[in-house]
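Asks: In case it helps, Swiss-Prot gives these features for our protein:
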BINDING   H182, C217, C221, M228  Cu cation A1 binding site
BINDING   C217, E219, C221, H225  Cu cation A2 binding site
BINDING   E219  Mg(2+) binding site
SIGNAL    1-11  signal peptide
TOPO_DOM  60-78  topological domain 'Mitochondrial matrix'
TRANSMEM  39-59  transmembrane segment
TRANSMEM  79-101  transmembrane segment
Amino acid sequence: MFYLLNSIIMNDVPTPYGMYFQDSATPNQEGILELHDNIMFYLFIILGLVSWLLFTIVRTYSKNPIAYKYIKHGQTIEIIWTIFPAVILLIIAFPSFILLYLCDEVISPAMTIKAIGLQWYWKYEYSDFINDNGETVEFESYVIPEDLLEDGQLRLLDTDTSVVVPVDTHIRFVVTAADVIHDFAVPSLGIKIDAAPGRLNQVSALIQREGVFYGQCSEICGQSHSAMPIKIEAVSLPAFLEWLNEQ
């Protein structure tokens, strides 16, 4: 009981009526959360200011309908409401551009995983590792049907095989598709990238804690679009090497 009270419980799955992001597990997602919170601060200030101005104008006009009849323009107020929003937009845009660049930058990956979207499952290739038969480690990942789910497994999220990766390792995901456009998205890792036929897109992740992270195809791709979950297990390096030796 004492251990449970002193443990940090992370939310890495979608929750009913959820109103916020899943907990972050990578620096990129942490930056996205921080940017969102900062922007919301300015948005609430703008909402309050605009609401107050609207209320004041409506109240004043209702008391004296001809109060502003002969006012054609106000140079000072026009300058203010032109410059002030421009400054706010710059304050919001500058850090967002920095974050966008950092999310797009792939920094010296220690390993590469290729994710291929197909109707309606994912195929993964660990191109840096070769098994005893001289073949690249690869496997397919299918959603577990609802009637085969075990206790603790999640409907439309759990898969028969998981992508296993080590923590604190720069990982590059190379994403493509074999038929139609899919989308490789894992919210807790800050990953969302298109999987397009004939095109290779890449995104990086530095997972900073162990856990199981779920994602889904985020591009409508046909009848069973909802049956393309993504399950990534982040484990310690020794556990990853042990899993790799079993492949």
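Numbering starts at 1 and runs along the chain as displayed.
Using the three backbone atoms N, Cα and C, a Cβ is placed for every residue, glycine included.
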Asks: Could you find out if DSSP has H182 (Cu cation A1 binding site) as helix, strand or coil?
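Replies: SS state of H182 (Cu cation A1 binding site) = strand.
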Asks: Near the Cu cation A2 site, what residues other than C217, E219, C221, H225 in the same chain have a C-beta no further than 8 Å from the centroid of the listed C-beta atoms?
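Replies: After dropping the recorded site residues, what remains is G117, W120, V180, I181, H182, D183, S218, I220, G222, M228.
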Asks: Of all the binding-site residues given, C217, C221, M228, which has the fewest Cβ neighbours within 10 Å once its own Cβ is left out?
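Replies: Minimum Cβ neighbour count within 10 Å, taken over the binding-site residues C217, C221, M228, occurs at C221.
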Asks: Residues sitting near the transmembrane segment (39-59): Cβ under 8 Å, six or more positions beyond its termini, same chain?
Replies: 88, 91-92, 96
Asks: On a count of neighbouring CB atoms within 10 A, which of the binding-site residues H182, H225 is highest?
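Replies: Comparing the binding-site residues H182, H225, the most crowded Cβ belongs to H182.
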Asks: Which residues of the same chain, at least 6 past either end of the transmembrane segment (79-101), have a Cβ under 8 Å from a Cβ in it?
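Replies: Distant Cβ neighbours of the transmembrane segment (79-101) are 28, 31-32, 35, 38-39, 42, 46.
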Asks: Within 10 Å of the Cβ of E219 (Cu cation A2 binding site), how many other Cβ atoms are there?
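Replies: Excluding its own Cβ, the number within 10 Å is 19.
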Asks: Considering every residue in the topological domain 'Mitochondrial matrix' (60-78), what is the mean pLDDT value?
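Replies: Its mean pLDDT is 68.
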Asks: Identify all same-chain residues not among H182, C217, C221, M228 whose C-beta atom falls within 8 angstroms of the centroid of the Cu cation A1 site's C-beta atoms; report them in sequence order.
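Replies: So the extra residues in range turn out to be G117, Q119, W120, D183, A195, Q216, S218, E219, G222, H225.
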Asks: Look up C217 (Cu cation A1 binding site) in the DSSP assignment and reduce it to helix, strand or coil.
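Replies: Assignment for C217 (Cu cation A1 binding site) reads strand.
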Asks: In whole Å, how far does the CA atom of H225 (Cu cation A2 binding site) lie from that of H182 (Cu cation A1 binding site)?
Replies: 9
